[in-house]
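Asks: Here it is, the structure, as structure tokens.
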């Protein structure tokens, strides 16, 4: 062990302390400053300070110079009671441009800095166990980070560090002693045996030196080998009963991979705490070690496999409460009043043991700063004895309380909407006071606890809250452990004020609090539901009937030349897609969400509704090519149209089902889920089709209006304007424009749009039959022609000359009448640029 000491770069034995062996030469003199460069001792007002100086190329001043070997610092440290004699080496801080060792209100910490290309900071904390000499040793390597050893055993580490820009003076000297006002250079602590190695010691070397320092003494001869003489002197080390628990919490880090196993371990820790007093330092050390274990628990990767996450974390919070309350109750009464506070990645915390009379404020608030806090009126502290206060403000715990079933809570208002899950939307905050404060049983009386919590909405929660089709319920809730497990309840609490950003609650008790949010879609009255449902059933039935007639009509008239063209192929495909979609829609009402048939129907509905929109887009493209700009041959357009009409919807459905199969038929109906964004696999293509077709509709309407206006100027016939109105009326439902009402029909405030959408969409098949068959002059003429052929065939007249026919929509004349002076297609003033409007 002393061989290890002999390899040190710098060594200051300081005082001769019983139980701590020093390094002496053969003459019995203490070997001080083994490397003397830049080292000197100065004494100011009875306190000794050690200065190293500022050497930029030194490993101590700049850890980056240390290279891969690293650096090691070692010293003995203790806190002293107020009556202890200050040793000349007493001091609270060792600082240089590269590292800092602090003793601040009982907390020991080591910080390392590098100032090169990567400006980094490493920090590790330890807690000296009171008025006992404790050996602290820490090593640093650029690849391994910071390691802190307490009494020869690894205590805590910071392997990664973090980016850090603001620290100290880059030219600061190494100083052992205290900072601040020269007249106040005193601290309640002492150092001894301060040693520096310009390399990182191995764990074996650290154990060897510690053993030698407390139990062996070496006499150095002028030549090796070293002679070792064992002594019987006993070191004065801590016998703290909590030390094994702190050590075990540190050693067990990384050994747990299952939430249930680690939760069981943490519960055992809470049950194994000794019923003995502990110092402020030990309480701080135990709190830090325990919260680090909680952080490891939160970072476990298997939470997705835990079905009852809220129940598990309810038990975890109860365990944390138990440990913190135990420590607060057992704080050493010889040093009261006492406050232990700090922050970690898990929570801000405070442990307080005070007398009520020391509270000179009108209320006690935890935390003292921030937008989220609990405030207790001072008149609630009625006891004359000492009181204990435990406060915790959790940073991330609320994320694990999501999708809580309202039926698993004691919140009656939430249970009324049992189909809609609850989520925590604020930090969890906890304050426990023993003995219990005296509070009003009546929520309209006083004193009461005031709780203000800032909301921490996720983007999805914020979007839901802003949606006017939803009603947002915010509950001031707490975890009720009266039945043994944590159940959310709002008994004894009322939300006094707030908005979407924060809530202020009044409660007549203390425990763990949070704001819970429940989003409930606004529902129509029973009368409107029945009316809309009736419209849908009747309209769909009528549409199915009309679409079947339309398809039969096209099939019968397919031999007629005018019906064999591309336009009627498009009409037939659109009619078929809408027909199948309407049949599947009515069928889906008979199946419950979550079943296999419902999931299959949802996928088929997605495909056929997308196909309907795709063929509406084809209708628009074809109309554009006929009226505005002719492009491509008939055969090439035919292939493109079928690719758009059936191919694109198939690709979208395959991708959607592959990525989110669970989003089909799982919510309130056999359709895509509205919760996780899967609905956009339908909404996005539908919106695209609607926008494109609206543009085409506007362009076509302008052309028809221009031609109609020109004919009116020439012939004075108002029928030209009627043609424009008729064309718009025909094109609106066929091109999918009626779905605009579906976008507007989002809440009860737009009830009229819900009715319009239900009528237009359920009757889409009827409109297609009306405009494609019943009112279509080509179809009527073809049907008359077909009827004549059937009539002649039935009378066995084979050689009759059937008069050829032309559609009145092609010639602009009514069947059976003589041509009039108005021929919209051929006699416009723009006859030089004749346009085929038969598509309209």
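Keep in mind that glycine also has a Cβ here, set from the backbone N, Cα and C atoms.
Not measured: the values here are computed from a predicted model.
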Asks: According to TrEMBL, transmembrane segment applies to one of these ranges: 535-558, 799-822. Which one is it?
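Replies: Spelled out, TrEMBL records transmembrane segment over residues 535-558, not the other listed ranges.
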Asks: Transmembrane segment per TrEMBL sits at which of 513-531, 570-588?
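Replies: Of the candidate stretches, TrEMBL labels 570-588 as transmembrane segment.
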Asks: Quick test of your reading of TrEMBL: among 486-504, 600-618, where does it put transmembrane segment?
Replies: 600-618
Asks: With Cβ-Cβ distances below 8 Å as the criterion, list the same-chain residues six or more beyond the ends of the transmembrane segment (535-558) that contact it, or say none.
Replies: 564, 568, 571-572, 575-576, 578-579, 582-583, 585-586, 755, 758-759, 761-766, 768-770, 772-773, 779, 782-783, 786
Asks: Return yes if the transmembrane segment (570-588) and the transmembrane segment (639-659) have at least 3 CB pairs under 8 Å (sequence gap of 6 or more), otherwise no.
Replies: yes
Asks: Any chance you could find the range in 600-618, 679-704, 752-775 with the most Cβ pairs under 8 Å to the transmembrane segment (639-659)?
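Replies: The stretch with the most contacts is 600-618.
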Asks: Let me know the model's mean pLDDT on the domain 'Pentraxin (PTX)' (45-248).
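Replies: Over the domain 'Pentraxin (PTX)' (45-248), the predicted model scores a mean pLDDT of 62.
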